[in-house]
């Protein structure tokens with residue numbers, strides 16, 4: 001296996017090798033050396049503070065370059081190995097503990113240079129990484145303002161992003177000179193740049209918002225477009241190529257002329273859109289048709305609306321005047337009519353509407369309830385505060401603490417029946433294993449040979465069977481709550497794909513009964529109907545004894561809606577049905593039954609029509625094309641896709657289906673054989689009266705196993721392998737991008753060729769030569785220049801920078817590298 005050579009971040013990096021040769025802990029040391037060579041700030045400094053210093057290469061450079069007896073402090077989250085003449089400690093630069101440690105080391109000194117070469121953990125979205133880096137640089141700047149001497153230097157690393165300008169603006173407020181540079185040792189593929197800030201102003205007071213990331217990097221909304229300048233001064237307007245608008249990537253914008261008449265801001269439409277259209281939409285527009293037929297809509301107006309971008313100030317004024325005239329004709333309110341209406345409204349006082357009165361009443365009730373809750377909360381807090389004060393003053397024993405005695409629901413919550421009865425607590429108590437079993441007077445006989453009277457009166461067996469069904473239903477509910485596939489299967493069983501043919505009278509009656517069904521453990525089948533109405537009994541009984549009505553309204557809600565303001569609202573309270581409504585309901589049921597009969601007749605007519613049509617097509621062999629009529633009788637809910645020959649498009653995905661299809665195709669089986677195979681001992685099994693748990697378990701084993709062939713299984717495997725062999729999304733997108741770029745190049749080439757072909761100053765020979773030259777330039781593949789190998793010997797030994805006489809890409813080689821490559825090959829062979 002060939003060894004992959006690494007470029008950029010690999011071992012062959014020049015600065016990496018130089019760092020190893022000179023004993024630096026990281027290649028980043030050369031970045032500081034080159035920055036100091038350009039600006040010269042380390043030689044004059046006596047105190048240096050290195051933030052995010054690990055592994056300590058910048059501290060090494062400071063110790064070598066700065067004068068003797070200088071104070072160098074390095075801090076980082078990661079531990080730093082000891083460095084001579086350098087004080088290092090481990091801390092977070094955003095905490096107060098780090099500031100205190102730095103103060104203890106500096107004492108009364110101030111730092112001449114503050115360095116920051118840190119970066120957060122990257123790997124998420126680029127926007128998040130760049131923001132984290134800018135935020136870290138701002139924190140280091142905040143720390144530098146506390147310890148930097150007046151006229152000092154601050155060097156930090158930042159990423160090129162949208163937050164870069166904001167950070168640079170903050171640096172300009174605090175320093176005299178701010179420059180951004182990129183040293184040669186920084187990789188070209190990296191987005192990092194270094195900002196060197198010199199001449200610290202040392203202000204006496206700094207606004208906290210100036211060093212707050214939330215304020216500095218806050219997104220500022222762009223200025224609103226000046227549409228008035230586009231309309232009233234189109235000649236002076238300067239185009240600013242700022243790209244597309246957010247969410248709108250179309251260059252040509254068109255709007256209906258009727259919308260221009262109806263809008264309240266016509267200048268914005270004239271400044272943003274390209275055309276006012278008079279074309280009718282598909283569904284039709286009455287206002288646009290009337291606008292098109294008005295005599296005020298002259299030919300000049302139509303020409304001006306055709307292209308708004310070429311109009312001048314005069315034409316825009318003409319369109320605005322035309323709009324005012326049309327609005328006056330259509331009866332839209334103008335400025336004069338609005339002023340008159342305002343004067344009249346001042347004089348006339350209208351009565352409050354019924355709807356507004358209801359809304360105000362509801363708002364008042366809501367505010368009253370909110371204030372009541374606030375008062376209760378305040379009293380509870382005051383009570384807790386008093387108890388705490390009593391405890392602190394040793395006025396009570398710990399066992400008498402009121403807060404713990406009362407519990408989370410307050411004092412006496414255990415004996416509040418209203419709280420207990422919430423969320424159908426009574427039904428939960430009476431359900432499941434906690435149900436009360438009624439005592440029987442006489443033991444029951446479970447022998448199968450007993451007489452008929454004892455079998456019919458066997459209430460205990462019925463109760464046990466009902467309890468078993470109840471427990472099985474609870475087990476299924478728990479299983480459904482844990483398994484998503486089970487829930488989906490259950491939903492498919494309940495909601496079939498049958499055709500909906502309306503609601504009959506019997507179904508309407510049964511739907512209400514199904515919603516109210518509940519499992520009663522301590523009741524039999526005979527008295528279950530009588531106890532259905534009593535299942536809603538509560539622990540608290542009203543003294544007035546009025547039963548709750550079926551409309552779902554409580555007594556309090558009913559009293560509220562019985563006020564006079566709700567009397568005139570139709571349909572709010574239930575009214576008894578009249579005889580006419582009952583007759584209409586009976587007619588509706590009859591119509592649904594008739595509809596079912598007519599649908600069956602239509603279906604039979606369709607089959608006969610299809611047979612006759614097929615016979616006619618077979619007889620007519622001279623036609624070259626097939627005429628397919630639109631079948632208006634197709635059901636819109638039939639989502640099954642059909643082919644042109646009328647057969648359903650079925651995807652074969654199992655080996656059993658593939659075996660059956662192969663047998664039908666080869667003639668081993670006919671359709672009648674398949675129908676005969678369906679008549680088995682499992683086809684007409686009597687399932688009435690069997691419990692659900694037995695049917696669910698039996699359904700796993702009562703299905704016949706159909707044989708499959710080896711060829712069918714192999715065909716299904718090949719089909720799945722073809723599905724899996726499809727390219728991934730990234731590969732498909734890359735191919736699509738490549739194809740799109742090729743289409744763009746061909747489009748540009750076509751335009752250039754058309755321009756050359758239409759040039760009258762060139763002969764046909766010159767045109768052909770130019771077009772062939774263009775084609776050759778497109779087909780020509782650009783080859784990268786080969787990398788030149790330069791031996792690090794003689795004059796090139798220990799050379800820093802590009803060797804003399806070498807252009808383009810190159811790499812330095814030496815005997816040491818050759819030995820390392822041989823050793824790597826030898827090690828890889830052993831593995």
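Cβ atoms are placed via backbone N, Cα and C, with glycine included.
Residues annotated as S-adenosyl-L-methionine binding site in Swiss-Prot: 56, 58, 76, 92, 117. Sequence annotations record features per position, and here Swiss-Prot assigns active site, proton acceptor to 157. Among the features that Swiss-Prot reports, coiled coil is placed at 349-396, with the record citing sequence analysis. According to Swiss-Prot, the feature compositional bias 'Acidic residues' maps to 448-470, 496-533, 574-592. What Swiss-Prot lists as compositional bias 'Basic and acidic residues' is 474-486, 534-554, 593-617.
According to its DSSP assignment, residue 76 (S-adenosyl-L-methionine binding site) is in a strand.
Sequence-distant neighbours of residue 117 (S-adenosyl-L-methionine binding site): residues of the same chain at least 6 apart with a C-beta under 8 Å from its C-beta are 28, 31, 32, 50, 52, 53, 58, 156, 157.
Around residue 76 (S-adenosyl-L-methionine binding site), the same-chain residues at least 6 positions away in sequence with a Cβ under 8 Å from its Cβ are 51, 52, 53, 54, 88, 90, 118. In the three-state DSSP reading, residue 157 (active site, proton acceptor) counts as strand. Secondary structure of the compositional bias 'Basic and acidic residues' (474-486) per DSSP (helix as H, G, I; strand as E, B; remaining residues coil): 12 helix, 0 strand, 1 coil. Those residues noted as binding S-adenosyl-L-methionine (56, 58, 76, 92, 117) have their most widely separated CA atoms at a distance of 18 Å. Remark: of the recorded positions 56, 58, 92, 157, the most isolated position is 92 (fewest other Cβ atoms within 10 Å of its Cβ). Mean pLDDT for the coiled coil (349-396) in this predicted model: 83.
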